[in-house]
Amino acid sequence: SVGFKAGVKDYKLTYYTPEYETKDTDILAAFRVTPQPGVPPEEAGAAVAAESSTGTWTTVWTDGLTSLDRYKGRCYHIEPVAGEENQYIAYVAYPLDLFEEGSVTNMFTSIVGNVFGFKALRALRLEDFRIPTAYVKTFQGPPHGIQVERDKLNKYGRPLLGCTIKPKLGLSAKNYGRAVYECLRGGLDFTKDDENVNSQPFMRWRDRFLFCAEALYKAQAETGEIKGHYLNATAGTCEEMIKRAVFARELGVPIIMHDYLTGGFTANTSLAHYCRDNGLLLHIHRAMHAVIDRQKNHGMHFRVLAKALRLSGGDHVHSGTVVGKLEGEREITLGFVDLIRDDLIEKDRSRGIYFTQDWVSLPGVLPVASGGIHVWHMPALTEIFGDDSVLQFGGGTLGHPWGNAPGAVANRVALEACVQARNEGRDLAREGNEIIREASKWSPELAAACEVWKE
């Protein structure tokens, strides 16, 4: 008889193994599976494990040349999702050998590469994954991390303040630099290129870099504080991106930026390596994330993209606000905020954390709260995000009736007032508006901002 039995067979015979004990070296994934009508959950979960590891749709004779038991993904647990009809969380374990070291790109190609178009599934979402410590150690991670950044900038004991320069498209380089200078002069720590400011006909990248560097140094000289502007190095090719990073380094600026999802993980990891080698901080914007993470039942949760970014490398990453114009539930957001900045995060399903994650001292990433926030949100933001964060007010700075610099002053005064109140033991959640009102008595800039945006 032939060595193998040809034909299509049920995945669950090979890939559903409820008795499997997960290894410390396994990569674990939690998928939200919505099977097609009539497909049992075990078969759907096994199909995910198979298609994202060694499986193919039929038995092949070359299976005999390898050890499936060593290399196959295994669906080791399935649980129904409370309150949802025909939705399950399928837990899959992947042997470490399936993944190339230090490659977020390969990790994603394996885990989420093919399986999302699978016919037996109506929808599939990767909710969380556990990166084993052995695999974490193959990545450089963030170029510098939270502590090194504070030391470079000499800023301690408070969140950092930023502002995206608007209008995002159409300013000339010189006017853009002027807006940067005014914000930094007023008291912000950072200003930011918008994510879609790359190198367009109305403002080429080199001109922008030059005028922004000039703005930085002028503001630094006048305030005695270290200032930064996130120079967006995102480009059409990796070579061009590195060229921009090199020019930023030659100007001596402290920080550059990258759009990591549109730019891609390979480009991002290269840039992160360059940044560590050359003392540049790296700010990461998440343009395109909602394409991947907005649907509740299909795609990937942002916490997965955030963990991947920590492996690939970035010192700041945008993470929603909990308040403001973009959606984000508080506990869930705080869950992935801790995932990117803490060293050990315990499993906690109420915060959306499916696995305990040990980062074995990989540097942390500062979460960036940005999008529709203004001075009245400051107490809540300070309380929710704590000191290790960057609070970014675009319109909330530039929309000030007296101009950019007074807008920056208003934000800085509000922040310092909240930090002081917190340090004095006051309850920011309860007394927030009162704290801002008190501070505005001493700051006409803040008082004007309080008028424009009502609490």
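Each position is counted from 1, following the chain as shown.
Backbone N, Cα and C atoms are what each Cβ position is placed from, and that goes for glycine too.
If you look up Swiss-Prot, you'll see Lys5 marked as N6,N6,N6-trimethyllysine.
Per Swiss-Prot, substrate binding site is recorded for Asn114, Thr164, Lys168, Arg286, His318, Ser370. Taking the Cβ of Thr164 (substrate binding site) as reference, residues of its chain lying under 8 Å away and at least six apart in sequence are, in sequence order, Thr191, Lys192, Asp193, Asp194, Ser370, Gln392, Gly394.
Every protein chain considered, the tally of other Cβ atoms within 10 Å of the Cβ of Lys166 (active site, proton acceptor) stands at 15. Residues annotated as active site, proton acceptor in Swiss-Prot, with sequence analysis given as evidence: Lys166 (among others).
Residues or ranges marked as Mg(2+) binding site in Swiss-Prot: Lys192, Asp194, Glu195. The Cβ neighbour count for Glu195 (Mg(2+) binding site), using a 10 Å radius over every protein chain in view, is 21.
In sequence order, Glu195, Asn232, Met257, His258, Asp259, Tyr260, His318 are the residues near His285 (active site, proton acceptor), counting only same-chain partners six or more apart with C-beta under 8 A. The active site, proton acceptor annotation in Swiss-Prot covers His285 (among others), and the record cites sequence analysis as its basis.
Positions annotated as site 'Transition state stabilizer' by Swiss-Prot, on the basis of sequence analysis: Lys325.
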CB within-chain contacts under 8 A for Asn114 (substrate binding site), separation at least 6: Glu51, Ser52
Distance [Cα-Cα, Å, rounded] between Arg286 (substrate binding site) and Lys166 (active site, proton acceptor): 18
Listed in sequence order, residues with CB under 8 A of Lys168 (substrate binding site) and six or more positions away: Asp194, Asn196, Val197
Assigned conformation of Lys168 (substrate binding site) - DSSP reduced to three states: coil
Lys192, Asp194, Glu195 excluded, remaining Cβ within 8 Å of their centroid (Mg(2+)): Thr164, Ile165, Lys168, Asp193, Asn196, Val197, Tyr230, Asn232, Met257, His285
Arg286 (substrate binding site), number of other Cβ atoms within 10 Å: 24
